Each structure stands twice: as C-alpha cells, then as structure tokens.
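Below you'll find the structure, written out as structure tokens, and then a few comments.
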C-alpha cells in the first residue's frame, strides 16, 4: 500500500491478520488529521470517515462544533450529544470510507485507563458525607430538648 489511502479490491487480510472489506476505501488517521479546516473537514465516527465540509454551514450546533472534532475520532462526542435517527441517517451521505483496521482502537476498553471517569465525581465522596453529617447535627440539635441544669 502506498500513501495514506488504500482501496480494498478483494476480501482478505491486511497483512496483520485483520479482515478488510471489498470495495471500501481505507484511510489512515494521519490522513484524516490533515483534513481539519473550513476548506476540508473530515470526522471519524465509529471507524467510518465522513467528509462533512459541505455540512459546515448547515450544522445546527454551528461550524465551531465540527471544527473542534475535525481530523480526529469524534465518536464519543457524537454519541454524547444524542443525535436523532434523522441525523444519523443524514450522516450516511457524507461517508467516504473507513479507518484502516490497523488504526482502529479496540471498542471494548478503548478508554485510556489513566483517565479515570469515576474521578469526575470524586468530590461526591467527600462533599456528600460532610453535608450529611452537618445536616444530621442540625437535626439532632433541633429535635433534642435542651438539658436543664439544677
């Protein structure tokens, strides 16, 4: 394969034991990364490459949203927004190929373990018990009768 783009002409292996589909154009991530401007904007969503340059002015969230995800894997951002089935259907018209199998990240466990998602709510492990203790203290003082000294 020469360059960053390859077209699979027959079903088979890519030389690394990974199956490639027939008549699919494969792009390397480095090729996609070059397409990150208003003149040419490509996105990767679930291993598929989309040229959304024509869609920039039509995107309901504005062109800035697309520019932020240009040239990279935008799968997580795409899913986080919760696009409608109409938006997913519309996306098909911008499909130009797939990411080369050797550039694909594994679907299961694809998150970087150094970026622990549970730590986003670490504050809850400290703040909520403190608030609960303070609340219990106030309730205890409010509902217990004051002791009278003789």
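In case you wondered, yes, glycine gets a Cβ from its N, Cα and C as well.
Keep in mind the model is a prediction, meaning the values are calculated, not measured.
Record note: among 99-121, 122-144, 122-144 is the stretch given as transmembrane segment by Swiss-Prot. Of all the recorded positions listed here (39, 83), the one with the fewest other CB atoms within 10 A of its own CB is 39.
Neighbour density for residue 59 (heme binding site): within 10 A of its CB lie 14 other CB atoms from the protein chains shown. Residue 39 (N6-methyllysine) is 15 Å away from residue 59 (heme binding site) when you measure Cα to Cα.
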